[in-house]
Ligand SMILES: C[S@@+](CC[C@H](N)C(=O)[O-])C[C@H]1O[C@@H](n2cnc3c(N)ncnc32)[C@H](O)[C@@H]1O
């Protein structure tokens with residue numbers, strides 16, 4: 001596999017996420033707060049830092065249409081729970097890609113828990129725009145709450161197309177504002193990058209779930225400061241206070257894209 005070309009911005013993003021993943025790995029408080037906010041929709045074993053709930057896992061299983069023994073790619077995999085859970089459920093192998101080397105180390109250490117042999121769980125440094133994976137490598141791909149951090153959406157979708165085998169699908173989480181259309185509709189984004197939009201499924205419960213998550217972060221400020229340190233707590237509280245108000249207007253979606261057959 002090729003060495004991925006991380007830009008300076010991606011390297012800086014990696015350092016920010018290194019600090020976040022390292023701090024969250026030292027304590028159970030963040031997972032506990034996600035669990036309280038999601039209730040019985042929270043898949044605790046996955047321990048995602050994202051919108052991943054049972055409904056999203058179900059959407060990914062149904063929409064990927066993968067066969068046993070195939071290869072799943074998880075881009076922006078974080079600590080790997082989503083890709084590892086899916087690989088076990090689908091009897092697949094997983095390759096996770098992320099800009100955070102700390103997250104990748106934590107992900108690799110979790111493979112055994114999910115019963116995956118070492119050769120079936122590979123976690124490597126790379127970005128949405130430059131995964132370092134060979135062309136036509138993936139029988140399926142997921143990207144949960146990582147799209148949007150990259151500077152160039154078109155480049156990320158072109159990379160997803162390159163990595164998918166013809167006929168294979170990618171499931172991505174995304175969102176938009178009801179009031180302000182910042183990006184073209186998904187049908188257009190897909191078409192421009194040589195992909196087919198298979199499905200765009202709204203997740204109407206998700207903005208309210210994030211409102212509960214953010215409220216719980218604000219309510220537990222003292223514990224977050226004590227267990228994660230001031231820098232991480234400040235970053236979470238800033239996210240809660242800046243993104244929280246925009247949730248009223250947010251439409252959350254799971255998007256399924258397919259690379260056409262040759
Ligand atoms: C919100 S976390 C979600 C992690 C994981 N998908 C999950 O559901 O738990 C976002 C992850 O995406 C990674 N990330 C952000 N921008 C990225 C990019 N441009 N390329 C690759 N990974 C990226 C971060 O390092 C972080 O681990």
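Cβ coordinates come from backbone N, Cα and C, glycine included.
The helix, strand and coil residue counts that DSSP assigns across the domain 'Methyltransferase type 11' (73-171) are 34 helix, 28 strand, 37 coil. Here TrEMBL flags 73-171 as domain 'Methyltransferase type 11'.
On the 0 to 100 pLDDT scale, the domain 'Methyltransferase type 11' (73-171) averages 96 in this prediction.
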